[in-house]
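Below is one structure, written out as structure tokens, with a few remarks after it.
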Amino acid sequence: MKSLLNRIILCSAFLAVASGLSFTVTSRIYMDVKHNKKPVGRITFGLFGKLAPKTVANFRHICLRGINGTSYVGSRFHRVVDRFLVQGGDIVNGDGTGSISIYGDYFPDEDKALAVEHNRPGYLGMANRGPDTNGCQFYVTTVGAKWLDGKHTVFGKVLEGMDTIYAIEDVKTDTDDFPVEPVVISNCGEIPTEQFEFYPDDFNILGWIKAAGLPVTSSFCVLLIFHYFFRQLNMYC
């Protein structure tokens, strides 16, 4: 009985992994954030370098080296929309009107990255003004935002620090979604890492097995009880 139960759970787990979406994280970037000069926390992004190599290269370069002497350090989160996203990275003008990249003012979308669905919080994507207008600005979703699907290059996801993202989301803004008090990237850098497969936050196979174990076991116990009583009835019929 125990062997059969284990096989069912393992088989279900295998099917879940086979059908589950995963991303190859090729590098990790962190950003430290301050609100009105007070530390808020750190965000750690896992970047999808195989899915969006050009976009990841641009983002990493701006973080680590900058363009024309300017990196993301000191730049603001200039757009904060509750229950939607936080947006930053305008290292040109600081207000969402500027654009620059290692490829020029703009660079094209990457088709595979356009196909990623914004079905949960924490996705890192390129802000744009339309197709093929990627530059330096990026956003992080705070909810599932399916209306962005197919319109933006998704190139990473928050691995740690969603509490920091939500803290940014909670700051007071004006009527143009611009924070009243500055929300600034005070530091950023790279965390050495070997590439690994990353499953979205709500897909946790170990947690699924733990969660499934008790219900499946309970179901089998109920079936065994019914089976026992049916056998007893047959003995007296």
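Cβ coordinates come from backbone N, Cα and C, glycine included.
Here is what Swiss-Prot says about this protein:
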type	residues	note
SIGNAL	1-20	signal peptide
DOMAIN	30-190	domain 'PPIase cyclophilin-type'
CARBOHYD	ASN68	N-linked glycosylation site
TRANSMEM	205-225	transmembrane segment
Cβ neighbour count within 10 Å of ASN68 (N-linked glycosylation site): 7
Average model confidence [pLDDT] within the domain 'PPIase cyclophilin-type' (30-190): 98
